[in-house]
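Colleague: Per TrEMBL, transmembrane segment is recorded for A:12-33, A:76-96, A:108-131, A:143-163, A:184-209, A:240-261. The feature domain 'ABC transmembrane type-1' is assigned by TrEMBL to A:72-262.
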Amino acid sequence: MARNVSTQRKLVTTAVAWTIGILIFFPILWTFLTSFKTEAQAIASPPAFLFFDWTTENYFEVQSRSDYFKHFMNSVVISFGSTLLGLLIAIPSAWAMAFSPTKRTKDVLMWMLSTKMMPPVGVLVPMYLIFRNTGLLDTRTGLVIVLTLINLPIIIWMLYTYFKEIPGEILEAARMDGASLAKEIIYVLTPMAIPGIASTLLLNIILAWNEAFWTLNLSAAKAAPLTAFIASYSSPEGLFYAKLSAASTMAIAPILILGWFSQKQLVRGLTFGAVK
Amino acid sequence: MNLRTFLLGTCSAVALAGLAQAETLTIATVNNGDMIRMQKLADDFTSKNPDIQLEWVTLEENVLRQRVTTDIATKGGQYDIMTIGTYEVPIWAKQGWLLPLDKLGPDYDVDDLLPAIRSGLTVDDKLYAAPFYGESSMVMYRKDLFEKAGLTMPEAPNWEFIADAARKITDKNNEIYGICLRGKAGWGENMAFLTATANAFGARWFDENWKPQFDQPEWKNALDFYVKLMNDAGPPGASSNGFNENLALFQTGKCGMWIDATVAASFVTNPHESTVADKVGFALAPDTGLGKRGNWLWAWSLGIPAGSQKADAAQKFIAWATGKDYLKLVAEKEGWANVPPGTRKSLYENPEYQKAAPFAKMTLDSINAADPKNPAVKPVPYVGVQFVAIPEFQGLGTAVGQVFSAALAGQMSVDQALASAQQLATREMTKAGYIK
């Protein structure tokens, strides 16, 4: 039976939820608003919230200075490429760990997660040397590989928890009917885990899109994604806040829109298996 | 035709195509007004050199520094030209990481470069990077506020006058603060200012045997003076203010004085960005009568990594970007006020430039007053005015900057901060082998 919730209480929780939501969203909104100000208005104190002379000058300036589309395409290739490659590796590994666990499975999972605990700059020089010797510096392929590797632990962990929710008996039944291992994974397991896989996919695209250490350090001119595009507008000596905001808005818009449309899927996936 | 001739033919065809193709130079540079202008005007270079194409990698200063240092240290070969400062050039040249610039052409006129800037980029009498623009530091002040307080700024003030004026101008109820200075921790933020200021107070980072000097009275005087002044006449939260924060405060009319990079002059006098554009005056960085002014010296310069396959084309580009004709080109297209300052004597002799840039003389005097090889009152074993040109300084300078920033924020006393700095520096210098 549903609990009785008073109207007053509902109002309070709604107000609290909205306040938290707006607080979290505010920096993005502020960036968006600043991108339409002049540089002088951007630093004005007290700041103008909505009533200023809106201008699109910053967007034109950013576009005339750097090739947005080139950076955008690099971001798309790198984030989608690394996520898809990651899924290809992670689905079989998560299957193995969820359905045929051994004594050491938990340790293996923990070990994978531990690779995320080291600060990336600790391995910058060896990685840079490997990339230089294999000719992968400033290539999309190189960035796809490195982002696949750094996101793989998260992908495997997420898939593992989703797969754990699927009854092993269903897979057994498929096996009884003569399905091979590949068929079992492709036709039985994957369709049942679609919400989980979809949210893993989306979350990892977002993580890869925003990854700003390796993408900045291993790229130069050719493979530079949107993170490098933003970094070219930041400056410790000179106030270019309006232009920086315009560049940031352009860089986060695609991923924000993608997130908006797939919100339902994302939430469903993330809460998948929460009710036991 | 057998397979071998086919392969040979294909190979030579590919090789020929490669030869005929234009050479592409990848240039790593920082995001500031002058560099962005160079990118816009680069068509002039490519139209004169159709066989050379340019590819730009523009990054924020600190990201760029990390990026190019990794590349040059591992011989990654990603860049043909790098934008580096006076901190990197002596260190990198000694490591053999940079090519000496000896093919800049007969028209380049190396002797026209300002001696202070040139000496910071020269190692063993060879020029390792060509200055694109140079800067020092100076006092920027509000003429209207000085008038109201009945003060006159001398052309070469001392610290006593500055502190006195700052306290008189301060009107905290109306959010007017007498002086805005850097407080944000970082070797290129508060430590650039404090190291240069300490020079004027007779302090130095190390003695001739690389022994840290934070336990000496000169440092105590300098830091004590700075912290007291900022508490009395500085803006709230000064310990998190860097160049940009102070620029915003000054441009919105909240600072009476600001001592910082000469490059700021063109921002604060620009009516599109600054609300006080017509009220700004300039003076030399202050001294304490010991013979050194607290003004620093920096030059963003273009250098070529050793082992570059495209060294000739790269030198051609550097000669174009840092040559006399480039200054004329900028003047023609964007006006004399936008010409990159601080590199050539001839620019300061140009009457048109003197007319367009009211801060020209002050910039030149400030640059000339800085001596990177002899920065402090007492002798030092290092090169650099607002930094110490050793590889360890980035880490050490930032660590010391953090304790000094904490002293400004009131989290520790000046004595505690200096003791802590002394300990940090002694440990780092012993570890690095300077102190035997």
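Placement of Cβ uses the backbone N, Cα and C atoms for every residue, glycine included.
Those TrEMBL annotations? Automatic predictions, nothing curated.
Have a look at these and tell me how they're positioned relative to everything else.
Modeller: Long-range contacts of the transmembrane segment (A:76-96) within the same chain, counting only residues at least 6 positions beyond its ends with a Cβ under 8 Å from a Cβ of the stretch, are 140, 143-145, 147-148, 151-152, 155-156, 159-160, 162-163, 185, 189-190, 197, 200-201, 204-205, 208-209, 215, 223, 225, 254.
Long-range contacts of the transmembrane segment (A:108-131) within its own chain (CB-CB distance under 8 A, at least 6 residues past either end) are made by residues 97, 137, 142, 146, 150, 152-154, 156-157, 160, 213-214, 217-218.
Here the transmembrane segment (A:143-163) has Cβ contacts under 8 Å with residues 74, 77-79, 81-83, 85-87, 89-91, 93-95, 97-99, 109, 112-113, 115-116, 120, 127, 136, 189, 193, 195-197, 199-200, 203-204, 207-208, 211, 214-215, 218-219, 223, 225, 269, 272-273 of the same chain, all six or more residues outside its ends.
Long-range Cβ contacts of the transmembrane segment (A:240-261) within its own chain (Cβ-Cβ under 8 Å, at least 6 residues beyond either end) map to 28, 31-32, 34-35, 37-39, 41-43, 58-59, 61-62, 66, 68, 71-72, 75-76, 202, 205-206, 209-210, 226-227, 229-230, 232-234.
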